[in-house]
Amino acid sequence: MKILRTLALGASMIAICCTAASAAGLTVGFSQIGSESGWRAAETSVTKQEAEKRGITLKFADAQQKQENQIKAIRGFIAQGVNAILVAPVVATGWEQVLGEAKDAKIPVILLDRGIDASKDLYLTSVASDQVKEGSVAGDWLVKTVGDKPCRVVELQGTVGSTPAINRKKGFEEAIAGHKNISIARSQTGDFTRSKGKEVMEGFLKAENGGKNICAMYAHNDDMAVGAIQAIKDAGLKPGKDILVVSIDAVPDIFQAMAAGEANATVELTPNMAGPAFDALDAYLKSGKQPEKFIITQSKLYTPADDPKGEYERRKGLGY
Amino acid sequence: MKRLQLTEIVRPQLLALACILLLNWFVFPGFFTITWQDGRLFGSLIDVINRGAPVAILAIGMTAIIATRGVDLSVGAVMAVAGAVAATAAVAGQPLVVTLIAALLVGLLCGLWNGSLVAFLGMQPFVATLVLMVAGRGVAQLITEGSIVTFSDPALIFVGTGSLLGLPMPAVIALALMLAAHLVMRRTAMGLFVEAIGTNRSAASYTGLRTRTVILTLYAFGGLCAALAGVIAAADIRGADANNAGLWLELDAILAVVIGGTSLLGGRFSIPMSVLGAVIIQAMNTGILVSGLPPEFNLIVKASVIILILVMQSDRIGEIVARRFARLKLRGKT
């Protein structure tokens with residue numbers, strides 16, 4: 001059985017490699033922000049995998065959260081005469097000069113995962129997720145799951161004022177807006193971390209009659225959800241059954257919780273921003289086809305029906 | 001006979017804690033409800049002492065350091081390093097004893113590093129410990145390779161989430177550590193040494209006190225406390241989160257010490273009062289969580305309460321209140 005699966009996996013890998021091998025021989029520079037989170041580390045390793053799959057030589061530069069390092073790296077790439085440059089910009093401003101230099105050298109630039117405040121003709125395209133959509137996918141799942149039953153939701157927000165927290169809150173609220181039976185009872189920030197997620201959930205559980213008044217928990221990221229799941233268990237309730245758990249990101253640990261029946265749904269923020277970027281680049285270099293200015297990655301919903309154990313195995317080696 | 005000042009009879013810290021608890025009860029009537037569940041106490045008050053324990057442990061180590069006119073900014077980063085070491089050891093299948101010793105040893109080394117820079121190289125404590133504050137988190141990330149290392153060793157998890165006599169383990173550890181540190185300070189000459197160095201280090205060394213050794217010991221103890229807090233924080237979430245473990249907690253620890261009445265100018269200090277300071281901070285945090293206040297107000301509420309506490313504690317305000325009180329008494333007599 002195992003051999004069969006390995007063979008099947010190998011066959012599919014070969015299929016992928018041969019359909020995508022057309023970008024082979026290219027040299028692409030990638031200026032990454034750093035490795036501040038597990039997701040960022042996964043993005044780096046997926047980008048390297050995607051490049052390898054396509055036969056692209058990837059020159060990788062870690063900026064350690066500093067724009068000046070990114071600018072230096074981009075200048076280096078231009079001097080080396082790469083075919084294209086990928087940038088995950090650490091900040092939104094201050095890119096005109098260096099991207100202008102790339103444009104003069106006729107090297108296409110693709111932005112990954114974050115946007116910049118600069119003229120749109122300075123880059124070929126930008127690949128990013130739609131954070132409002134992520135929130136609304138989570139909200140839609142809850143609406144469908146609870147049906148007409150009344151449901152009081154507690155929300156664990158990301159860092160106050162951060163873009164993903166604002167957008168994921170907005171998307172979720174939009175999705176549940178037309179449904180009077182679902183309401184957000186409490187909402188606090190868990191700073192996107194496990195420990196704060198646990199602490200905030202402990203507070204919510206006490207304040208909502210030991211958790212008996214809570215029907216679902218929505219967390220802006222999986223890490224907070226993992227912390228909150230522990231808090232729910234400590235309060236003597238069953239996460240996933242007594243309190244529904246829905247969150248965003250699709251990191252490996254949430255799939256472990258899902259496999260154990262303690263989490264119900266997660267919306268993927270894919271670390272594969274490079275795949276669509278390479279595809280767009282390939283089409284552009286081959287036929288001169290201008291890609292869309294903003295490529296939006298898919299916000300896929302995962303539930304226990306989607307083989308959480310397998311997803312965990314697939315993701316755990318990516319550096320999350 | 002010297003008459004006791006009002007501020008000496010009623011400690012402003014206790015008053016502050018009472019006010020905050022009362023306020024919490026006002027916004028959430030179930031605040032004082034404690035139930036027995038799954039062999040342990042369960043309730044908001046228990047959350048306060050449980051969640052406050054890591055900062056309390058940091059504050060225990062920080063108090064004596066601040067009393068020598070020093071400061072240790074690296075404790076948050078040392079927490080992350082110790083947590084990372086403990087998690088990696090647990091994942092490698094080491095028993096609890098080895099895991100704990102490894103983590104505490106790393107904390108001790110960090111403390112000795114800080115202490116050497118301050119005591120022997122004469123660096124400003126602020127700068128000397130800033131080095132490890134920045135570098136420590138990097139070391140922790142190297143150990144965990146940038147990801148959250150999760151473990152399932154029940155013995156290690158017990159340190160963070162278990163309970164003894166119904167009380168949460170972190171609180172029990174903090175309490176024991178506080179008593180031990182307080183006894184060492186007040187039942188031996190150690191406390192006197194610390195106060196002497198804090199008041200005037202060169203005078204202290206002219207009296208024959210080995211100030212360097214004392215300072216080195218205090219920073220080493222601070223590192224040890226930070227490592228203990230780091231192990232508890234990691235055990236609590238069953239994972240070492242190098243990016244976020246102990247982030248900004250050095251500031252909470254310093255605040256706890258200041259609220260406890262220890263002077264940043266050195267000299268006077270009290271370890272139990274620092275722990276009380278940590279409990280006050282956590283009572284405020286837990287209160288905000290159960291109040292249902294929008295998160296945008298968290299920092300404003302915290303800042304206002306802290307300003308209020310510090311104003312209540314200031315000597316000037318104490319004098320004014322005492323004078324008013326005395327005048328009222330006089331009027332009553334005539």
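Positions of Cβ are set from backbone N, Cα and C atoms, glycine also.
As recorded in TrEMBL:
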- B:12-36: transmembrane segment (TRANSMEM)
- B:48-66: transmembrane segment (TRANSMEM)
- B:73-92: transmembrane segment (TRANSMEM)
- B:98-119: transmembrane segment (TRANSMEM)
- B:126-143: transmembrane segment (TRANSMEM)
- B:155-180: transmembrane segment (TRANSMEM)
- B:214-235: transmembrane segment (TRANSMEM)
- B:247-266: transmembrane segment (TRANSMEM)
- B:273-293: transmembrane segment (TRANSMEM)
- B:299-318: transmembrane segment (TRANSMEM)
Report the listed stretch (B:98-119, B:126-143, B:155-180, B:247-266, B:299-318) having the maximum count of Cβ pairs within less than 8 Å of the transmembrane segment (B:73-92).
-> B:126-143
What parts of the chain pack near the transmembrane segment (B:12-36), using Cβ distances under 8 Å and only residues at least 6 beyond its ends?
-> 42-46, 166, 259-261, 273, 276-277, 279-280, 283-284, 286-287, 290-292, 305, 308-309, 312-313, 318
Residue numbers, six or more beyond the limits of the transmembrane segment (B:214-235), whose CB comes under 8 Å of its CB atoms | 53-55, 57-58, 60-62, 64-65, 68, 70, 72, 74-76, 78-84, 86-87, 99-100, 103-104, 106-116, 118-120, 156-161, 169-170, 173, 177, 181, 190, 193-194, 197, 241, 245-246, 249
Would the transmembrane segment (B:48-66) count as touching the transmembrane segment (B:273-293), i.e. at least 3 C-beta pairs under 8 angstroms with sequence separation of 6+?
-> yes
Outside the transmembrane segment (B:48-66), at least 6 residues beyond either end, the same-chain residues with a Cβ under 8 Å of its Cβ set are 72, 75, 79, 125, 167-168, 170-171, 173-174, 177-178, 181, 185, 194, 218-219, 221-226, 228-229, 232-233, 246, 249-250, 252-254, 256-257, 260, 262-264, 266, 269-271, 274-275, 277-279, 281-283, 285-286
